[in-house]
Each structure stands twice: as structure tokens, then as C-alpha cells.
Amino acid sequence: MARDTDEVASSGNFGATLLFCCVGCFYWITLTPFVDTSVNPALAKPALWSQLLAYLLFLIVLVYSMTPRVRSVIFQPRLLLTLVFGWLFLTAALSVDPLGAVRRVLIALTVCISASAFLMLPKGESQFARLAGGGVMLIVGLCYFGVLFLPSLAIHQLTDFLEPQHAGRWKGIYVQKNETGVVMALSCFVGIYLVSAWSRIIGLLLIAASCLFLLKTGAKTSTAMLPGIFLLSIFFERWRWIRVPVVFGGVGLLNLATVGVSTIAPLREIVAATGIDTTYTARADIWRLALDAIAQHPITGYGFGSFWGAESLVNSDMRTLNWAVRAVDAHNAYVDAAMNAGIPGLILMVIWVLATPLKNLAAIDAAKNFTPLTRLFLRIWLFSIFLACLESIFLARSGPIWFTMMVAMFGLGYQARYRIIASRKAEPAYGPAYA
């Protein structure tokens, strides 16, 4: 009987480990690495097999999530997330494209559920460290492989359809250098974690490889933020009183310095006098258009993903006056939150992505649970909330950035409520991991 129990446990652990690897690869590597950027992306349509594979993977995650011991843990705080997605569904139903908007919300919900279940798959923190470390090394290795053996796909070219000005910049397996830059910054954080949690040598090698690739991408935002967030995380741990001012004040000031500068003339003149480009690489036109649109629909917004790219906008008379109508997003996650679901939707998102992690950090302090894993989640979260002031990362339906941010937020929540397990020799199939 004992042998049978061990075999079931081993089988369950193998299945959970395989699922962890599949989910991680799906979001971090995606089903379409090394995209040919010389082709107009508007002509690219997702293959049917890729959509079916995505649905199958989510079905497996959903079945795993329905097991009693996992179901009671994931998707927390449940009331807040119900309000967030409930409001998204309502505003989507009221949009000009209700079917499309509701479908997009459903996909965003599947990403959220997958991220909340992701950390429950390893059987302990030691296994998580090995799996996460191995996965990130694979991703960084693939990026270098592309640069060496597939340079036309892994390095921006003069023949790029959208951004030939980035020619020579490394992008690895991803579509654009800035996305690659974010991934390399996150990989550095994982490397720092591995130094304490698994192997000093492997961790240091991963840090070095990620930093070198980051520099070759030319992604200025990620390059500047990486050391800043590392130092900020140290201050966050030591001086608790700075947390609320830094998070809410910092995000507010950064939005004022970017979106605010584009719309407030006196502020724009002051910033321009310092020699800073007040167009923020042409984002200013997009922000002005977005704020004007929000003012017209402040309560319900336009429905999830229903404004940018809409035919009524792209083919409007404005297209000859303002190139921003062709933008794919607002290049600011907070602005896009208001675009998608109005001011109430923005408030709910701020509570979820800013206030809730701060509350969880306070609980982690009270439980004296500030571990290397906590620091990993903290750095990823801090990096993401400030990156969101320049990129639309919230509720992304694919790619590594939003998924990883949610993993970090759920991870902080798990650590605030549960004890971390270092490792287990055997556990029941589909048992909880280490939350």
C-alpha cells in the first residue's frame, strides 16, 4: 500500500512538474518565437492549432485548479478579482463590439487563473528554484542561439516593417527589443534569487548573460530601471514606512511626468527647458488622444480592447491629422485601464495591482517571512508597476510580462497567508505546492 501511495504521489508530482514547464514555456517562449518582423503584423493571423493548444493547456490548468486543496487557495483575493472581472465583463457587454470584448476578457481571465495556479505546481521551493532557473536559462539561451544562428529573426533589421530604425538591436525570440529588454531584466531578478536559493554559480552566470543581452537590446527603460528597482527593493525591506509613499507617490509622479507633461502646457514647458524630449518618442500624441477619449466615456470606457484598432477610429477623419489613431495601445497601462473600463475600472485595477500587494507585504513582515523568494516577487512587482507607466502591460492576453507580474502578485499573497515548504519527498497527487 505504501508503495502504491508513493507511485501515485510520484505520478502526480511528475504531471504537475510537466504542467509547470508547459505553462511557463507557453507564456515566456510563446508558440511563435523568432517572428519575422519584415512582414506586416496586421496580416498575421493566429493558426488554428495554436489556439486549440492554448485552450487545451488552460483546460488542464483548470482541472488541476478544481482539486479541493488548490481551489481553496488560488484566485485570491476572490472578492476583489470578482469585482475586477465582473466590471470588465459589464463594460465589454456595453461596448460597440460586445462579442469581441467579452471574448478578450475571457482570455484575460484564463491568464489570471493560470498565473494563480502556476505557483501551486512545484512540490516545494527547492523544486521551484530549479524549474524556474532552468526555464529562464533556456529562454536566455534561445535568445543567444537566435543571435548566433538566426540573426535575421533575432536581431532587428533595416527590412523590419514597423521599426527599421532599431536595426542592429538584439531582440532574441521576441518581436521587439523593448519586450526583450523587460524579459532580460526579469531574468536578472531570477538570477539574483538563484544565487541564494539554488546555485551561486548558475545564478551569477544567468545575471551576466541577461545583463549583456539587455545592453545589446538598447532598451533604455529596462536598463535604467534594473539597478533602480534592485536598490528600491532593499529600501522596501528595511524601511517599511516608505512603501505606500513610494508606490502610490512614485507611480503618480511618473504618470504626471509622462502623461501629465503631454497634456499640461506649463509643465511641458518646464520639462522642455531641461532638454528632455517631451514627446516621449511620440507617445505624447497617443496620450492626448487617449485622455480626450476617456473624457467622453469616463464611467464605462470603451470595452476591453475595443478602442485601439477599431475601424471607426483608424478610418476616421482624424487619421490625416493625428498618426496616433493607428496606435495599438496607449503605451501606459493605467491609461488603458481607464480606456477599457472607465474610471471605476482604473480604481479597481489600482486596488488590485498596488494596494493589495502592499497589504500582503505587511502581512509577510508580521509573519517574519521575508525570504529570497519574497524578494524575487517584490522586485518583479515593483519593476512592473513602474514599467506600466510607459507600457500597456495590464491584462495582456499573451506574452511573459503581465503573466509574470501576476505570478509575483499571487506569490506575495500566498506568502502572506501560508508557510513555505522547502521540499517534499512525496505528497498526494495534485497536492498543494509550497504556498
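Glycine is no exception: its Cβ is also placed from the backbone N, Cα and C atoms.
According to TrEMBL, the feature domain 'O-antigen ligase-related' maps to 206-349. The residues of the domain 'O-antigen ligase-related' (206-349), classed with DSSP into helix (H, G, I), strand (E, B) and coil, number 107 helix, 0 strand, 37 coil.
The annotation transmembrane segment is assigned in TrEMBL to 12-29 (among others).
Per TrEMBL, transmembrane segment is recorded for 49-67 (among others).
Look at TrEMBL and you will find 79-96 (among others) tagged as transmembrane segment.
Residues annotated as transmembrane segment in TrEMBL: 102-121 (among others).
According to TrEMBL, the feature transmembrane segment maps to 128-150 (among others).
Positions annotated as transmembrane segment by TrEMBL: 182-215 (among others). Within its own chain, the transmembrane segment (182-215) is flanked in space by residues 28, 125-126, 129-130, 132-133, 136-137, 139-140, 143-144, 170, 172, 174, 222-223, 225-226, 229-230, 372-373, 375-376, 379-380, 383, 387, 391, 400-401, 404, which lie at least six positions past its ends and keep a Cβ under 8 Å from the stretch.
As annotated by TrEMBL, transmembrane segment applies to 241-265 (among others).
Cβ atoms under 8 Å from those of the transmembrane segment (337-355) belong to residues 80-81, 83-84, 87-88, 91, 247-248, 251, 290, 293-294, 297-308, 330, 384-385, 388, 394-395, 405, 409 of the same chain, restricted to positions at least 6 beyond its ends. Summarising the annotation, TrEMBL assigns transmembrane segment to 337-355 (among others).
For 376-395 (among others), the entry in TrEMBL reads transmembrane segment.
Long-range contacts of the transmembrane segment (401-418) within the same chain: residues 27-28, 73-74, 76-77, 111-112, 114-116, 118-119, 179, 182-183, 186, 352-353, 356-357, 359-361, 363-364, 367, 369, 371, 373-374, 376-378, 380-381, 384, 387, 391, 393-395, 435, each at least 6 residues beyond the stretch ends and with a Cβ under 8 Å from a Cβ of the stretch. For 401-418 (among others), the entry in TrEMBL reads transmembrane segment.
Within its own chain, the transmembrane segment (49-67) has Cβ neighbours under 8 Å at 16, 19, 22-23, 26, 31-32, 74-75, 110, 113-114, 116-117, 120-121, 430, counting only residues six or more beyond its boundaries. Taking Cβ pairs closer than 8 Å, the transmembrane segment (79-96) reaches residues 102, 104-105, 108-109, 112, 300-304, 306, 310, 312, 340-342, 344-345, 348-349, 351-352, 356, 395 in its own chain, all 6 or more past its ends. Through the fold, the transmembrane segment (241-265) approaches residues 232, 235, 271, 278-280, 283-285, 287-288, 291, 332, 334-335, 354, 358, 361, 385-386, 388-390 of its own chain, all at least 6 residues removed from its boundaries and within a Cβ separation under 8 Å. The domain 'O-antigen ligase-related' (206-349) scores a mean pLDDT of 88 in the predicted structure.
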